[in-house]
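Worksheet for the structure shown next.
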Amino acid sequence: MPSNKSVSDAPIVQFTNCRILRDHQLQREDLWVREGKILNPEKLFFDEKGSADVQLDCRDSIIAPGFIDVQINGGFGVDFSLATDDFKSGIDLVSQKILSHGVTSFCPTLVTSPPSVYHQVLPQISVRNGGAHGAGILGAHLEGPFISKEKKGAHPEHCLRTFEAGAFQDLLVTYGSLDCVQIVTLAPEMRRSSEVIQELTKRGICVSLGHSVANLSQAEEAVQHGATFITHLFNAMLPFHHRDPGIVGLLTSDKIPAGRRVFYGMISDGIHTNPAALRIAHRAHPKGLVLVTDAIAGMGLAPGRHTLGQQVVEIDGLNTYIAGTKTLSGSVATMDTCVRHFQEATGCSVETALEAASLHPAQLLGIEHKKGTLDYDSDADFLMLNDSLYVQATYIAGEEVWRQDVLGM
Amino acid sequence: MKLIILENYSQASEWAAKYIRNRIVQFGPGPGRFFTLGLPTGLPRDHPESYHSFMWNNFFKHIDISAENVHILDGNAPDLQAECDAFEEKIKAAGGIELFVGGIGPDGHIAFNEPGSSLVSRTRVKTLAMDTILANARFFDGDLSKVPTMALTVGVGTVMDAREVMILITGAHKAFALYKAIEDGVNHMWTVSAFQQHPNTLFVCDEDATLELKVKTVKYFKGLMLVHNKLVEPLYSMKEMGAERSQSKKPYSD
């Protein structure tokens, strides 16, 4: 029905017969969208005397904010750490394919690489909105090369570096440009890391601790200088010890500056962490848990050999190892699988599982006013899921960009 | 007066809802207007306790009403008395109120017509009694200083002009008010009692609300339930009837 809209002529869509995730709860409410943002229907009704142009019956689906993946190294044969000629089309392919996993925004991640790779690849990554073409890009996540040799994991040793000579300048020279960089993972026990962390934080870049042998006080110092994230908790760091919990101890540290929260990424594919460890972390600090995939080029493809930057990895089922070793290197999990596995393993509520993949990453990056929630005026990036948390449809800016084919293809 | 006594809150609500549904169908698919009775002043429109929010969350968002047909007194209007006068004009222009639905306060007030309100009053600004302020404190986290002290309200006279009045009363705390309203005389200290002089009044209540009434009264009206329940039987739906106005069915008279 035509509506009298004094504010805008754009069509208003009302999603009915659904349960939306709002205020940390699934509520039986309608979702109203206009011009790519979530609309406040009460304001529309009383102030503009407006009404919906289109009503869509969601058949009792769950509507949740779109997932945000802050650590994904590639997928579908594309490796973000490889400077190929068709890099741009590679990133486009991944951003389009992950829509079916419920990811509406992501941070393409580069593992430890030689400076030439950074200089060639980073200028080709630009922050951009999502849409029918694919998920939005929030900025790059640079995991390395300023990490510990002892905890390099799958990262190539010959590319590891330190910044003890020139601190931030060294970092800048290595990466070339920090224009579209959103997150940097480094090892805080490295000399002069505090200066680097401060400089990065000043530029609005999120600093993450990972691939490190730091003890708890070194980690706490890093947090005091601005670090806010832990890269794949438990993996590539010292194990929890009751007299020196190491980086894991940040989850319950009392030295975190007031008003700040430490977030930690977890790859809940059932392989990187034992479900019991996942539960310990979740129970210790539920509000900081951020689900990440750490997916590699082989994700979405058949088992076999694929690359991860300078390394060759072998995929066998859900396991991904450096070829010929038992060193884990990334995963082939998809974000929606991680959400489901997390919910199953911890027995947490559906709301908690969904927020770990949407609200918490948005809070980590300081964008929760427009992403990661279904609050009024935030970006209308959302998913329709069934009760078992399988994605049925993905929407970006209020437009449907992916729908589960009824035939299940 | 028809006194409808149901067992509990949900049954009373359901009966009332069915009655209203029937009356709407009988009224015909005309430009059905909807007016809301009273509004505390001083609350911003999007305050969660404003009448706008209350009506939106509990009524408007569940139905397909167009916003132009909603008239709620604006407690933030620059000239409150003019706002009230305009409200009265709008009621007249819409052809008068067909059915007024309201509740009753523990002090027997209808809308915000507190004890002592004139029984011929019109829509106006009214100061609220301490009882009402205390009762409303629960919506403001128990903080008395936050509760509005004035309200815009339709007057007793305004409601008396309606062709039919339906009052919903549930709960033991309203029992005394109900007793004063229907078993005692007409008195401006219990403004709901004014409806004893209205030709077409309907009180819908639950068992708890009858606790102060004479057993005789309760038995009498319970005995009439067989007849009164005919009022909520489903009528033909408007869709089945097409565009025809159903003029044959009239509300039962006393």
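Cβ atoms here come from the backbone N, Cα and C positions, even for glycine.
Of the listed candidates (A:HIS119, A:HIS158, A:HIS232), TrEMBL assigns A:HIS232 to the same Zn(2+) site as A:GLU143, A:HIS211. In TrEMBL, the substrate site is described by A:ALA154, A:ASN235, A:ALA236, A:ARG243, A:LEU328, A:SER329, A:GLY330, and among A:HIS272, A:HIS360, A:HIS369 the residue recorded at this site is A:HIS272. Counting other Cβ atoms within 10 Å of each Cβ, the lowest count among the binding-site residues A:ASN235, A:SER329 belongs to A:ASN235. Neighbouring residues of the recorded Zn(2+) site, listed in sequence order and excluding A:GLU143, A:HIS211, A:HIS232, comprise A:GLN71, A:GLY144, A:ILE147, A:GLY153, A:HIS155, A:THR185, A:SER208, A:GLY210, A:THR231, A:ASN235, A:ALA236, A:ASP294 (Cβ within 8 Å of the Cβ centroid).
Within the same chain, residues at least six positions away from A:HIS232 (Zn(2+) binding site) with a Cβ under 8 Å of its Cβ are A:GLN71, A:GLY210, A:GLY265, A:MET266, A:ILE267, A:HIS272, A:VAL292, A:ASP294. In this view, the densest Cβ surroundings among the binding-site residues A:HIS211, A:ARG243, A:HIS272 belong to A:HIS211, judged by other Cβ atoms lying within 10 Å. Residue pair A:SER329 (substrate binding site) / A:HIS211 (Zn(2+) binding site) shows a Cα separation of 12 Å. Spatial neighbours are here defined as Cα atoms within 10 angstroms of one another, and by that definition the neighbours of A:HIS211 (Zn(2+) binding site) among the binding-site residues A:ASN235, A:ALA236, A:ARG243, A:LEU328, A:GLY330 are A:ASN235, A:ALA236. For A:ASP294 (active site, proton donor/acceptor), the count of additional Cβ atoms within 10 Å of its Cβ stands at 29 [all protein chains shown].
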